[in-house]
Structure formats: structure tokens, C-alpha cells
């Protein structure tokens with residue numbers, strides 16, 4: 001599947017501190033693993049039944065920061081993202097709206113691509129739909145059955161295949177939740193703890209046997225379709241190997257999705273960890289209320305841009321808070337971001353900055369971003385520069401160019 005056009009990202013001179021990110025599994029901020037070749041990064045993509053809201057955007061803008069920082073530091077990045085284009089929520093939305101589920105998925109994927117292009121997000125090298133990865137999933141399910149990490153229901157009308165969550169002793173290391181919390185999230189987030197015939201209530205679906213009216217693919221274990229978690233396991237490991245550097249997504253994916261994606265890959269490939277870093281972004285609320293489809297209070301990127309709000313301001317509004325924190329989107333957040341953008345542009349156009357001052361500023365911004373993406377501190381450093389810049393004096397064009405290049409290369413904001 002094709003992604004979207006890559007934005008022009010300028011080369012940024014100068015040295016960069018090593019990037020350090022919080023790892024959910026180890027509960028610590030630690031250096032990102034930089035292999036001799038490329039940094040492998042996998043970020044879970046959308047289920048295409050609704051257009052890109054700010055919760056989605058905040059996640060992909062966070063990992064765009066990581067992508068940009070690593071590239072500006074001279075590292076290659078192999079970025080992979082999936083699209084869950086076969087899943088129950090997609091079918092349910094299509095049935096509700098009286099449309100074909102594939103047509104709905106295609107339309108929402110197209111809108112997502114458009115939003116990502118507008119926001120100047122660097123596209124993944126591999127942008128893979130679940131339907132494109134069926135053979136990979138079948139291969140991994142077969143491997144899990146072979147090693148004893150999975151089983152097929154016997155004597156059931158629908159002989160689904162499940163992963164035995166007790167197979168690996170490290171299960172639970174990624175999320176660090178206790179058994180009770182895992183059981184609650186499993187039930188709330190797409191699990192089926194009461195399914196008859198399972199060995200354990202928390203065993204996760206790997207292959208769903210065909211039901212009337214659902215799409216199906218042939219497999220050695222009967223016609224059906226993939227479970228949710230194993231799609232990401234197969235797509236990630238088949239392109240990045242295991243372990244790879246960064247597994248990312250929203251904090252709501254911490255469990256069960258990322259825990260099971262990891263355990264499937266680890267059991268199939270005989271490794272202790274699927275990823276060195278598990279990085280999760282906070283949730284975005286609207287005016288103090290959690291943003292959700294059920295509440296009808298989603299803020300869509302496409303509607304903001306259609307109303308005339310500049311994508312660069314949307315980026316700055318998202319970056320005003322720390323990526324790991326749950327935070328609010330309000331009209332004031334957007335207005336402040338637009339004011340910030342205008343003040344930076346004014347400082348570049350009319351202010352005076354020496355080359356040494358510019359390089360010190362860029363180093364400061366890089367240092368804040370290297371410290372677990374401390375965007376608030378990075379933006380404040382730029383605010384201080386803009387406020388302190390004397391207007392009306394003859395500026396150093398090289399200094400202005402260096403600041404402008406850094407803001408574009410690191411933050412994706414074109415001044």
C-alpha cells in the first residue's frame with residue numbers, strides 16, 4: 001500500500017546528543033539503541049473507520065519528532081506502520097452507515113494520507129495493510145502452533161486459534177500491569193474472556209474461523225481472518241527483525257495490544273523482547289473531557305485545516321505539552337500556537353541574531369528534544385529567543401537560516 005508524499009526535510013548541521021526516551025517496559029528514560037545499520041521503528045496505524053482526529057495526530061506527530069531527530073543526527077530510520085483494514089470496528093461502522101466496509105476503509109485511509117501530508121509527517125517506508133499481510137500472519141500462527149504457544153479450539157462450530165498467554169514467563173513485562181488490571185483491560189479493549197473452550201480467559205485470538213458475512217482467507221487451519229495483535233507482530237518482525245529499536249503507539253495500546261504483539265513475536269522467534277523501547281503517547285481531551293467517538297467530541301485535523309488553521313500551528317499546539325501526558329486541546333491552545341508561530345516568524349524577519357547565538361539556540365533545542373522529547377522546553381527556548389531578539393537591526397542571514405532550518409528539520413514547522 002502506498003503512503004503519502006515525503007515532505008522536504010532540510011539537512012541540519014551540527015552534533016546531536018543521543019536521544020533518550022522513556023521505555024514503558026523498564027519504567028525508565030534510557031538511550032535509544034542505535035545499530036550499525038538503521039533504527040527500526042514500528043508504530044501501530046489506524047483502523048480506518050473514522051478520519052484523523054487530534055488523538056491520532058498527536059501520536060503520529062510524536063513519532064515524527066523521533067524520526068526527524070534521528071535523521072537530523074545522521075541515523076537511518078526504517079519506519080514501518082500498519083493499517084488495520086480488517087477488523088470488527090470497521091465492519092460495525094460500515095453496517096451502521098449502510099456502506100461497504102472496504103469502501104469505507106479506502107475513503108478513510110485516503111483522508112488519513114491527506115492529513116499526514118498536510119501535517120508534514122515523514123511517511124513510513126513500509127505502509128502495510130492487514131489484508132496485505134495475511135500470508136505473514138498465517139506463517140506466524142503456524143509457528144506458534146508448532147512451538148506450543150497456541151492452540152485451536154476443538155469440537156466448536158468455529159475452530160478459532162488462540163495464543164496461550166501463559167506460554168512465556170515474561171508475559172506482562174511490557175505493560176507492567178497486575179493480573180487484575182490486565183484482565184479488566186482485556187475485557188474492555190476487544191478481548192473475549194468468556195469465550196467457551198479457551199484454556200484461559202485472557203488468551204488472545206490469533207485466527208478467527210470464518211463466520212457468515214465476514215471476509216475470509218484460506219489457511220492450513222481453515223478459512224478465516226487474522227486476530228488484531230498478531231497482524232502487528234508479523235508486519236513488524238518481518239521487516240525489522242527482532243528485537244528492533246522502537247515499538248510505538250497510544251497509551252491505550254499498552255495493554256492488551258502491545259503486550260500480545262510482543263509475546264507473539266517473542267514466542268515465534270525465540271527472543272526475550274520484541275523491541276528495546278516501548279513508547280506510548282498520552283490521550284488528548286477536549287475542554288477537560290476525554291475525546292472519544294462515543295461522546296461525539298472529536299476534533300478532526302481536516303476540519304481544522306479547512307477552517308483555515310495552518311498545519312504548522314496544529315503541530316505546535318500538540319507539542320505544547322509533553323507527549324506522555326494526557327492533555328487537553330482547547331481553542332486557547334490553538335490560539336497560543338498561532339501566536340507562537342507568528343512571533344517566531346517576526347523574529348526571523350525583523351530581528352538580529354548572531355551566528356553564535358543561533359548555534360547555541362539550536363543546540364539548546366536539540367538538547368531538550370534529546371531529553372525524552374521535552375517539546376515544552378524546546379518551544380520555550382524558541383519563545384525566549386524570539387522575545388529577546390532586537391528588532392530593526394541588521395540581522396545575520398546565516399544565523400536566521402540556521403534557526404529556520406532547525407525548526408523545520410526537527411519540529412516539522414516551516415517558517
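The backbone N, Cα and C atoms fix where each Cβ goes, and this holds for glycine too.
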* Given that Swiss-Prot lists 44, 45, 46, 47, 59, 82, 83, 84, 228, 250, 251, 252 as binding L-cysteinyl-5'-AMP, which residue among 34, 284 does it place in the same site? -> 284
* Annotated motif ''ERGGDP' region' segment (source Swiss-Prot; candidates 170-175, 176-181, 182-187, 188-193) -> 188-193
* Show, in sequence order, which residues other than 44, 232, 257 on the same chain lie with their Cβ within 8 Å of the centre of the Cβ atoms of the Zn(2+) site. => 82, 84, 228, 229, 231, 249, 253, 258, 261
* Structure fact -> In the same chain, residues at least 6 away from the ends of the motif ''KMSKS' region' (290-294) whose Cβ sits under 8 Å of its Cβ atoms read 50, 53-55, 283-284, 329
* To do: Would you kindly give the Cα-Cα distance separating residue 232 (Zn(2+) binding site) and residue 44 (L-cysteinyl-5'-AMP binding site), rounded to the nearest Å?
  => 7
* Asked: Taking the Cα atoms as reference points, how far is residue 83 (L-cysteinyl-5'-AMP binding site) from residue 232 (Zn(2+) binding site) in Å?
  -> 9
